[in-house]
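K.L.:
Dumping the structure here so I can ask a few things about it.
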Amino acid sequence: MTILTHTLGFPRVGLRRELKKAQESYWAGNTTREALLAVGRELRARHWEQQKQAGIDLLPVGDFAWYDHVLTTSLLLGNVPARHQNNDGSVDIDTLFRIGRGRAPTGEPAAAAEMTKWFNTNYHYIVPEFSKGQQFRLTWTQLLEEVDEALALGHKIKPVLLGPVTYLWLGKVKGEPFDRLTLLKDILPVYQHVLAELAKRGVEWVQIDEPALVLELPQAWLDAFKPAYDALAGQVKLLLTTYFEGVTPNLDTIIVLPVQGLHVDLIHGKDDVVELHQRLPVDWLLSAGLINGRNVWRADLTEKYAQINAIVGKRALWVASSCSLLHSPIDLSVETRLDTEVKSWFAFALQKCGELALLRDALNSGETAALEEWSVPIQARRHSHRVHNAAVEKRLAAITAQDSQRENPYEVRAEAQRARFKLPAWPTTTIGSFPQTTEIRGLRLDFKKGNLDANNYRTGIAEHIKQAIIEQERLGLDVLVHGEAERNDMVEYFGEHLDGFVFTQNGWVQSYGSRCVKPPVVIGDISRPAPITVEWAKYAQSLTDKPVKGMLTGPVTILCWSFPREDVTRETIAKQIALALRDEVADLEAAGIGIIQIDEPALREGLPLRRSDWDAYLEWGVEAFRINAAVAKDETQIHTHMCYCEFNDIMDSIAALDADVITIETSRSDMELLESFEAFDYPNEIGPGVYDIHSPNVPSVEWIEALLKKAAQRIPAQRLWVNPDCGLKTRGWPETRAALANMVKAAHNLRQAK
């Protein structure tokens, strides 16, 4: 039995972020829809050919998305919220953009659909909305069109489809409450229709993604898989695909399904290959996810060979990435500035395809010399001086319980802070960043390229900070920020100033829609060689009598939004970062900064997928935050910010952070997230986000007032702050001014109504 290679998906955005640029040009009205569609076609053709040339036997089709693959599935099923529909009921690419962004070049603006994290990754999906009695039909044929494209190019393909049970699991009920699982019978005919169309095109295998099968699902959801797949059986071969965790706990549910193969993630799961082989039906194909799709490290192919070789020849076998390569940068070969030694430790998406081809060839032939050669740099890395720092390891080992305790409890600190800041009721602030204009980006780029000297760069940044302070004072905000003009990304900026990180030139990965991030890579022990944010925070504070917040990204978020080391635990990395940033808090405080925000938007997304594993993670995640913050004096107010979060199941841990103020993203969920804080009787101060910064729509004063009044029904008004959902980096100044002016006006109205 010949072993084949395949990937579960490939990065969409293009090596130079061509998709991002085309999307944003289209949204701005600077290019046509036809030009946008042409960019998509060119990228798909290029990516299929690149994977094929790298040694992939079966190419994924349907992994491309104009915004998000879950949103693509919603359109496929005709699941379009009424507020986003075209008047004639048709569906087009602007429908998709209205759901994801709240507006598009055509159609009326409307509130964007909710966005949240894709399992425990840094990718976001648009949450499907379900209503009682909803109807579904095939309305968006993107998958079929892309299959036709790939077949016309002569490729051997494997279409990719998000499975029906996971799709329903990922959604939310809107309006009258009901069990969304009851919609399964209504969406299955659309899936049957799609599979029939694929069969007509001669497709043999379809990858049907059911990552919900790695979760601790309620029994009713587990029971839904059998009737669902009974309905889908018989038209094509189905590769039931899971990732991000192991499947052994749910294997009894899986092995009775009428599918022809199973993909398992052998990186993040703890499944034993031999046990899987013994328990799976004998005629099933096993797709082994042996190459990590979520990190950038070169694989130890000798180890992978040993892991899978025991079942070679005993059943049909494919080798694959653990998950979609969407989460990896595209091509290491274009990284010309990386140190040669460090570069030899990495593999990006195309190199991972090459790793699969090497592994396939070795497993088919029994010859392992090429694998041994590939793995040589991995052995060298284990002993590199770049990896180990004795001083950091010693400091980490010396941490005591006292290092994570503030001097006094919140009630005492709050009195000291009220006396220091004398803020009005409903204090207004922003989350940190202001619009990253063309001028700001150009300034940073010129400096990075050496076209601008340090003095002129600093003068330029200082001017942008000054303008941000002037804008905020003009708007009447109570607590100001410096605007972060000097920062390209909230994680990358800190990584650039901490030892133990390296950076890529083109290591972009998609976060959502057109937003891409370039995560730093943790290659060794982490320390802070010098203050990072103090100079600019101190300068901003010198420009105003109002308090200016110091802005830090928290240790868990830096960990979650970086590519981590694989030779130490995540806890070790987080606590090393916490110790480095603890020194930054002390330096900010010494420089006269009285309010310091430590953002932890990723705290919840870092949760293990299985609830039984949560406690251990939350214990060290909370401890890392507290180590970072606990050096602050009582009169220094510590803020934290979180977004895309469901809080009700981790409220104990949110409270345990002991931040004086927490700002959260609530506008897209209509303040429903505050239910968790109300039920828990959360004791500290809260800033519920009053408008969605991911949409360019400007909220009215009345809209914001209504949200704040709703918030005050749950949280005492004296503990409420007024702020946007998130940072304003991606917005333009006109909409930012308008939205913040309305926000400040709403706060003033509520003060007067007191």
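Any Cβ shown, glycine's included, is placed from N, Cα and C.
Quick paste of what Swiss-Prot says about this protein:
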| type | residues | note |
| --- | --- | --- |
| ACT_SITE | His694 | active site, proton donor |
| BINDING | Arg17, Glu18, Leu19, Lys20, Lys117, Arg515, Cys516, Trp561, Glu605 | 5-methyltetrahydropteroyltri-L-glutamate binding site |
| BINDING | Ile431, Gly432, Ser433, Glu484, Asp599 | L-homocysteine binding site |
| BINDING | Ile431, Gly432, Ser433, Glu484, Asp599 | L-methionine binding site |
| BINDING | His641, Cys643, Glu665, Cys726 | Zn(2+) binding site |
K.L.:
Any same-chain residues 6+ apart from the residue listed as 'active site, proton donor' with CB under 8 Å of its CB? Would you list them in sequence order, or say none?
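P.N.:
In sequence order, Arg101, Gly102, Ala112, Met115, Tyr512, Asp725, Cys726, Thr730 meet the Cβ cut-off.
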K.L.:
In terms of Cα spacing, which of the binding-site residues Arg17, Leu19, Lys117, Glu605, His641 are within 10 angstroms of Ile431 (L-homocysteine binding site)?
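P.N.:
The binding-site residues close to Ile431 (L-homocysteine binding site) (Cα within 10 Å), listed in sequence order, are His641.
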K.L.:
From the Cα of Lys117 (5-methyltetrahydropteroyltri-L-glutamate binding site) across to the Cα of Gly432 (L-homocysteine binding site), what is the distance in angstrom?
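P.N.:
On Cα coordinates alone, these residues lie 21 Å apart.
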K.L.:
Within a 10 Å radius of its Cβ, which of these binding-site residues (Ile431, Cys516) has the fewest neighbouring Cβ atoms?
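P.N.:
The binding-site residues Ile431, Cys516 were compared, and Cys516 has the fewest Cβ atoms within 10 Å.
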K.L.:
Taking DSSP three-state, what's Gly432 (L-homocysteine binding site) in: helix, strand or coil?
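P.N.:
Gly432 (L-homocysteine binding site) sits in coil per DSSP, no helix or strand.
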K.L.:
Which residues of the same chain, at least 6 positions away in sequence, have a Cβ lying under 8 Å from the Cβ of His641 (Zn(2+) binding site)?
P.N.:
Ile431, Gly432, Gln597, Asp599, Glu600, Pro601, Ile662, Thr663, Ile664, Cys726
K.L.:
Quick one: of Arg17, Lys117, which of the binding-site residues has the smallest count of other CB atoms within 10 A?
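P.N.:
Minimum Cβ neighbour count within 10 Å, taken over the binding-site residues Arg17, Lys117, occurs at Arg17.
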K.L.:
Within 10 Å of the Cβ of Glu605 (5-methyltetrahydropteroyltri-L-glutamate binding site), how many other Cβ atoms can you find? Include all protein chains, please.
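P.N.:
Here the count is 23.
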K.L.:
Please report how many Å separate the Cα atom of Glu484 (L-homocysteine binding site) from that of Glu665 (Zn(2+) binding site), as a whole number.
P.N.:
20
K.L.:
For Leu19 (5-methyltetrahydropteroyltri-L-glutamate binding site), which residues of its chain lie six or more apart in sequence with Cβ-Cβ distance below 8 Å?
P.N.:
Arg12, Val13, Val39, Gly40, Leu43, Ser514
K.L.:
Would you list, in sequence order, the residues of this chain other than Ile431, Gly432, Ser433, Glu484, Asp599 that have their CB within 8 A of the centroid of the site's CB atoms, where the site is the one recorded for L-homocysteine?
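P.N.:
Everything else in range on the chain: Thr430, Val481, Met490, Met551, Gln597, His641, Cys726, Gly727, Lys729.
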K.L.:
Can you count the other CB atoms that lie within 10 A of the CB of Glu665 (Zn(2+) binding site)?
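P.N.:
Other Cβ atoms within 10 Å of Glu665 (Zn(2+) binding site): 25.
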K.L.:
Work out the three-state DSSP category of His641 (Zn(2+) binding site).
P.N.:
strand
K.L.:
Record lists Ile431, Gly432, Ser433, Glu484, Asp599 as binding L-homocysteine; longest Cα-Cα distance in Å?
P.N.:
14
